[in-house]
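Chemist: Could you have a look at this structure, given as structure tokens, before my questions?
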Amino acid sequence: MTTSANSDAVSYARVSNVRTAAETGDRIEWVKVSLALLPLATPVSDAKVLTGRQKPLTEVAIIFAEIRTRDGFEGIGFSYSKRAGGQGIYAHAKEIADNLLNEDPNDIDKVYTKLLWAGASVGRSGMAVQAISPFDIALWDMKAKRAQLPLAKLLGAHRDSVQCYNTSGGFLHTPLDQVIKNVAISRASGIGGIKIKVGQPDTAEDLKRLTAVRKELGDDFPLMVDANQQWDRETAMRIGRKMEAFNLIWIEEPLDAYDVEGHAALATALDTPIATGEMLTSFREHEQLILGNASDFVQPDAPRVGGISPFLKIMDLAAKNGRKLAPHFAMEIHLHLAAAYPIEPWLEHFEWLNPLFNEQLELRDGRMLVSDRYGLGFTLSEQASAWTVAQCEFGKRP
């Protein structure tokens, strides 16, 4: 028996028959990238359309990644683009996809860095990282499946459901009488909050719609508004003060997405909380927003910022600075991330992506439930295949 450690040792005996983690780890052997075009039954207009900056939205481009490993584990992830950009994201994803082959799927940060450097000449934000998102999200989906856990549980859930608000019934292309009907339907279906679009050239019309919706909902039902970046600083301050009377949960994107100073001034001056961040496409952009005290609610979008990996860094910084969380769109991904946030968050409810998946989320008593399905909890539907317009594969087909 050894009675003491040799404190004078300068070399170490080699332990034989020990294999390294690198030698025994799983390996990615197949990657598929596909582009699907999801048509919208009714063209959608928000304030950006009414001010002439964009055309009505008629379809959403979805970029899927499917990954399979040597040991038989699978993961799926997606990115998306509204209006222009989908073809470009798909093209870049296709260019970098073969960099995943033979990598250990558990080394998510290593793989992310490799993909980032593969396209470094086009930057580290915007389309460059939106093309990485499907792969990163698929690897996190796979990691949770390997652990036989829903992704929220893998991340360390603070709750098993998230309060949920609906946006799709309050777009500006919808006549006010129909908005009121949509609001009533949403509330009756069990939604936890309602958001309507504002930001019209005539601010009196915004106040008219808001007054009617608040009357329909009553004084205390959670209500938000979204101006989609269409006000200047003076207008935002003026109408923001008028909206104080409506007991809003937040005013969203009152200014240009990159106007940190302007948002900070509004957040300081108004009693109504400010929400923004959905258009930002990197951790560093969100870092400027958070450290600049530019919003009360941060609204990152995992597919837009480069996937779950950078989203988790944004979450961590936001929580340390006491910000509330309300992720943008893609509830299929963001439910899990919001469930793992320490401060009570909000989840945006959009049914647009439902046809892409065989499984659906469940809404109960104003909250979206985290299911017991492993990973993200979704498999691609036949409809997703029918809407696919391009695809490519790399590696050994399973």
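Each Cβ is built from the backbone N, Cα and C atoms, and glycine gets one as well.
TrEMBL annotations: computationally assigned, not manually curated.
Sharing the record's features from TrEMBL:
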ACT_SITE  K197  active site, proton acceptor
ACT_SITE  H328  active site, proton donor/acceptor
BINDING   D46, A47, K48, K82, R83, K195, N228, E348  substrate binding site
BINDING   D226, E252, E278  Mg(2+) binding site
DOMAIN    176-273  domain 'Mandelate racemase/muconate lactonizing enzyme C-terminal'
SITE      D301  site 'Increases basicity of active site His'
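I'd like to know what surrounds each of these features in this structure.
Modeler: On its own chain, K197 (active site, proton acceptor) has D46, A47, T167, G170, F171, L172, V225, D226, A227, N228 as residues at least 6 apart in sequence with a Cβ closer than 8 Å to its own Cβ.
Within 10 Å of the C-beta of H328 (active site, proton donor/acceptor) there are 24 other C-beta atoms, taking all protein chains into account.
All protein chains considered, the CB of A47 (substrate binding site) has 23 other CB atoms within 10 Å.
Sequence-distant contacts (6 or more apart, same chain, Cβ under 8 Å) of E252 (Mg(2+) binding site) comprise K195, M224, V225, D226, A227, N228, I274, A275, T276, F297, Q299.
Secondary structure from DSSP puts D301 (site 'Increases basicity of active site His') in coil. Summarising the environment of D301 (site 'Increases basicity of active site His'), the number of other Cβ atoms within 10 Å of its Cβ, over all protein chains shown, is 23.
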Chemist: Most Cβ neighbours within 10 Å: which of the binding-site residues K48, K82, R83, K195 is it?
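Modeler: Counting every other Cβ within 10 Å of each candidate, the maximum falls on K195.
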Chemist: Apart from D226, E252, E278, which residues in this chain have a Cβ no more than 8 Å from the mean position of the Cβ atoms of those residues at the Mg(2+) site?
Modeler: K195, A227, N228, E253, A275, T276, Q299, H328
Chemist: Grab the substrate binding residues from the record (D46, A47, K48, K82, R83, K195, N228, E348) and give me their largest CA-CA distance in Å.
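Modeler: Binding-site diameter by Cα atoms for substrate: 22 Å.
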Chemist: What is the separation, in Å, between the Cα atoms of E348 (substrate binding site) and H328 (active site, proton donor/acceptor)?
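Modeler: Cα-Cα, rounded: 6 Å.
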Chemist: With a 10 Å radius around each C-beta, find which of these binding-site residues (D46, D226, E278) has the fewest other C-beta atoms nearby.
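Modeler: Comparing Cβ neighbours within 10 Å for the binding-site residues D46, D226, E278, E278 has the fewest.
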